[in-house]
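Data first, discussion second: the structure below is written as structure tokens.
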Amino acid sequence: MMLIGGLLLIAYVIYEAKWAGVPRAPRCLVFNKTFTMAIIIDSFYILTGSVRGLCWDSYVYVAKPWSYQNWVYYGNTLTLALCIAGPFVGLLQRWEHRYKAIQIACLVIKIIRKGIMLDGTMATANTGAMVTAMILVGFGGSMSVVGSRVASQASIPHQEVALAISLLALWSKIDQMPKQLRKYLAFNATEADVRNLFGSPTSIRKLYRFDNPMRVGTTLAYRHALYYCLATALGLAFISLIASLFQHNYFLGKSQNAVTNVGNVGLPVAETCRSELEPPKTKKEAFLRFWAVDWAELITLDLSQYDQPGGKEDLVKQLEHAVRHVGFFYVKNFNISQDEIDRQFALGREFYALPLEEKLKYHSASDLEKGEYNGYRPAGHRALGNGVKDNVQVYNIPKFDGYHQRQQPPILGDHLEEIEAFSRKCHKEVVEKLLRLFAILLELPDEDQLVKDHQYDVKGEDHLRYMHYAARGAEENKIVGGMYVPGHTDLGTVTLLFRQPVAALQILNSQGQWKWVRPQDGTITVNTCDALTALTGGLIKSSIHRVHVPPADQAHVDRLGVLYFARPNNHVVLDPIQNSPLLNRLGLTQNVFTELGQHLTTEQWVKVRQTQQQRRTRDAKISEDGKYTYRPKDLEIIPGLHAKVYN
């Protein structure tokens, strides 16, 4: 059975790695440090208990001259300790909202307990030590409940797999009892006696008195075999303790859900398809990638499949979970060359290298207050809190539809043809393809229905953006909690972010945790936005994201972004799509606008939202836990609808 089980487990791992289209073990098993540490802690925690208990109960039964009733009482000491300590530990965790210190204390207690039991003479010389050890393991066990399971919220039954593999590896060392019986039993003991005593510890008590040489020899055999079990368990217990030191210690809010494989809404967590990550180039990069940054799990859509038979349908299957539950994903093979992308970054750098007074020629504070956003916006326009202003410069270039005539600085005006070509490529090669995939997802009768509402040459608010984030000093970063741009949603359909090497973008996941978005070569990072959420009655998620000071090794570096913002044409009314069979089946026929009796066009929505964003320029109140609070009137978009601040 052990051999068959081991082979099946090996086959399962190979299948997951090579052939599983939607793996049962998601990528967080590898790339989520908290989850990985939880696997290590729980696996070795359970393994040490199994190794420790393999012969211990039989040993005590043979070695102590107790009645069967007293032996049962001793075993139930563990249950009693669990029942007494459990409620107190649970209340402590509820009060603290954290779990790491409790988990470390649990593992230290378990180590102390195993250290006490390592001396086999305790079983006959010191009943108090045995009972104390059992109480300690009960207290430690009650603490372990709020440890790794709360930390990981795992959707993978990892304990059973790890236990089976670990026991398989240790089996040859643990199974020494028959050998030790042959060594310590009286010289006249037969092989039949060895088999009988090994198979039935109860027969030892029935056949031999406590001082009988056969009983004494059996006790010595158990003690010798137990030494390997307990020494192994003690060593493995330190692995769990060390792993717990690497755990994150997230603050658990009221919505935190510690039930495995269940999301905050009480439904099973959907699995995501694999995303392809570029392998690290050096061992140092691999180490830092794994430990230093808590990356988000995002899928990668390969648009080279788009024109293949059945390709769009396959892409929709990959995309569905990402747009409904995450709101972020990557695309690759999108028919825009790296040279074209690099050229846009070069133009952005040249513009931001201009003197401030030159850039300010293309800035109008009065236009900003009216909801106009094209042109230049200097850093320091928005107050983040406690006297610190934002460090973000923005230059927006509207799409070339003939309706947005603006004077451009010469450094950009001299290259408008290539800027227009790049803008049109973003729309045609990426946005329109995604819109068709969304239409297929919504089961629309015409897969071009959304494309017709997002035509490049029809008046709209789409635009290309060069965005510059200046590195700040440590003191200013501390004051505002490292914030560059507070958490928000974008107001259009989709946003395209072209890859640059500095990590700063973070997304808010369903557990309320901020995860870093990995800058991934050869891809565009895409997020879904408010207008698309409105059109789909909330089916497609408008992703919550922010820009944060980069990780320590990049915190001193300025960050430049090239982005394309796609929005419905200005005349499109942002009501839920009426002819989507999927939306009708799900009852998604209202949105935040229609529930207020509003039927806003894209043009109206952009104007009121941009006006609200420019109005929110006063200092926010920042609490000790980093929460931003603005005056309600600064967040009002239209009567009854307020912007949310996600920090």
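Any Cβ shown, glycine's included, is placed from N, Cα and C.
Features reported for this protein in TrEMBL:
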TRANSMEM  71-92  transmembrane segment
TRANSMEM  123-144  transmembrane segment
TRANSMEM  156-174  transmembrane segment
TRANSMEM  225-246  transmembrane segment
DOMAIN    301-397  domain 'Non-haem dioxygenase N-terminal'
DOMAIN    485-561  domain 'Isopenicillin N synthase-like Fe(2+) 2OG dioxygenase'
In this predicted model, the domain 'Isopenicillin N synthase-like Fe(2+) 2OG dioxygenase' (485-561) has a mean pLDDT of 91
In DSSP terms, the domain 'Non-haem dioxygenase N-terminal' (301-397) comprises 46 helix, 21 strand, 30 coil
Secondary structure content, the domain 'Isopenicillin N synthase-like Fe(2+) 2OG dioxygenase' (485-561) (per DSSP, counts of residues) | 9 helix, 29 strand, 39 coil
